[in-house]
């Protein structure tokens with residue numbers, strides 16, 4: 001086989017992506033993260049952020065940043081060397097107390113946390129039972145473990161139970177892995193059923209609640225709380241601090257034994273530098289804001305209802321979602337880009353989501369709503385979507 005240059009191998013791949021309307025580009029932001037922003041030189045209303053409560057630019061978080069004088073910025077080392085600061089420790093304790101778990105453990109990103117849990121806990125011969133629409137980091141974490149990955153159709157509880165029954169017959173340890181709120185669809189996992197199945201078949205449950213924390217449940221405790229459920233000793237929760245919290249980082253919460261096992265054995269935790277202590281301090285402030293954000297959660301609900309009512313009146317095809325994530329299904333990637341670009345020219349930033357992020361022929365506009373959006377923002381979006389329907393008719397709308 002001839003040796004290739006990087007250019008010769010990948011230039012055709014990139015060209016193919018461009019031709020198929022699958023090429024991705026990074027928007028350049030030149031303003032704070034708010035409902036109204038400057039992106040790629042345009043002044044726009046942002047409907048693509050995960051800043052669900054409008055905390056990313058909150059004065060309390062900014063004030064926390066200004067208290068850095070008693071800290072170094074960098075942590076200087078991994079947690080197990082000299083990088084574990086008191087601010088990290090306090091944040092972990094406060095997150096655990098908030099969720100009613102014995103312990104919590106910080107990670108720099110949700111991706112690292114999802115890799116760590118599955119790589120560490122699951123061994124050869126075990127089964128990971130995963131929803132087919134789980135986030136990419138959950139899929140990667142399963143693939144990088146030694147366990148066998150068994151994916152079940154989206155939200156199909158009968159299919160999940162059949163796999164659990166087979167695993168029980170073969171005496172296999174199972175980990176059920178699911179998003180709480182699915183990031184590209186906005187629908188919720190039926191956690192009452194999933195938790196009951198986990199208990200019946202003695203499986204462990206790993207819940208990625210990145211998009212549920214802050215927005216759902218009492219005090220924003222997430223999808224479990226939304227369904228009036230509590231974690232048990234075999235429940236593992238992953239949450240992120242960069243979405244509704246408006247900060248950065250992630251955590252895993254669960255039992256004492258779980259967290260100590262991750263500290264001792266999780267490679268993505270052990271072999272990386274700890275997040276800056278100031279990030280943990282800001283996240284502690286964000287946690288207090290989230291706990292007190294009942295008014296923002298109510299405003300977010302009103303915004304979701306406002307958008308859904310208007311979109312349904314227009315006859316747009318919405319994915320069944322009651323969360324802040326409201327996908328408008330278009331089907332073809334080219335159509336999704338066409339609509340997205342037209343909206344940008346009207347001062348509205350709505351991202352087109354295309355394969356491979358979502359299945360083939362399910363390209364969509366992913367509208368994400370925030371408590372920071374006003375009724376006027378949403379009306380402007382609905383009017384522009386109506387214009388897109390006239391300008392670019394689609395069989396999916």
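Just so it is clear, glycine is given a Cβ too, placed from its N, Cα and C backbone atoms.
Here is what Swiss-Prot says about this protein:
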- 24, 135, 357: substrate binding site (BINDING)
- 110, 111, 183, 211, 240: pyridoxal 5'-phosphate binding site (BINDING)
- 243: N6-(pyridoxal phosphate)lysine (MOD_RES)
Determine, to the nearest whole angstrom, how far the Cα atom of residue 183 (pyridoxal 5'-phosphate binding site) is from the Cα atom of residue 135 (substrate binding site). 7
Across all protein chains shown, the one of the binding-site residues 24, 135 with the most other Cβ atoms within 10 Å of its Cβ is 135
Within 10 A of the CB of residue 240 (pyridoxal 5'-phosphate binding site), the number of other CB atoms across every chain shown is 24
Per DSSP, three-state class assigned to residue 183 (pyridoxal 5'-phosphate binding site): coil
Simplified DSSP label at residue 111 (pyridoxal 5'-phosphate binding site) comes out helix
Roughly how many Å lie between the Cα atoms of residue 24 (substrate binding site) and residue 211 (pyridoxal 5'-phosphate binding site), rounded to a whole value? 23
Name the residues of the same chain, 6+ apart in sequence, whose Cβ is under 8 Å from the Cβ of residue 110 (pyridoxal 5'-phosphate binding site)? 137, 208, 210, 238, 239, 240, 242, 250
Hey, of 135, 243, 357, which of those recorded positions are within 10 Å of residue 211 (pyridoxal 5'-phosphate binding site), Cα to Cα? 243
